[in-house]
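The structure appears right after this line, and notes come after that.
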Amino acid sequence: RGRMWAYTVGFTVLPHVGGFLGWFLNRKEIPAWYEKLKKPSWCPSRRVFPVAWTMLYTGMGYASYLVWNDLGGCSSKAIVPLGLYGAQLVLNWAWPPLFFGARNLNMALIDILALDGLAIGTVCSWYRINRVAALLLLPYLGWLAMATCLTIRIWKDNPEQKPGKSD
């Protein structure tokens, strides 16, 4: 029982690790490059992103703990639901280096579209295991929908930023 709190904290903190690294490694590109991009009027303020991601990563991390716990740890039953979660988390962490670091709007768009599919798959697989865990991912799906639309708009509205395009 004393160990369970450590698992809870570990699973809850895990998504933050990649999110923090992505921000840390790309933080200089945000004012230098991102601010100069053409963005839609509905683009959230830069100040909203860290607050939103802190809440979203906390919810998804805790939800992953619930699923892991309900499946009895790393059992064979956990391979697909936690594999989907892990795969979408890797794509989530890959987006900032692709978008901000490499400034590769094409790859960032492909990444987020694949991320959307894996995140939806994660919710669907978790719903049968733990409905609370699946519901905890709904705000994340909503934010991903906005982030996907924003990525598409930035990709469309900034054609000179796409690799391989000649002026």
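Backbone N, Cα and C atoms are what each Cβ position is placed from, and that goes for glycine too.
All annotation found in TrEMBL is predicted automatically rather than curated by experts.
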Transmembrane segment according to TrEMBL, located in which of 27-46, 47-66: 47-66
Residues of the parent chain within Cβ reach of the transmembrane segment (135-155), under 8 Å, 6 or more residues beyond its termini: 37-40, 43-44, 52, 55-56, 59-60, 62-63, 66, 99, 105-106, 108-109, 112-113, 115-116, 119-120, 122-123, 126, 161-162
Contact set, same chain, for the transmembrane segment (78-95): CB under 8 Å, 6 or more residues outside the stretch: 14-15, 18-19, 21-22, 60, 64, 67-68, 71-72, 108, 111-112, 114-115, 118-119, 121-122, 125-126, 129
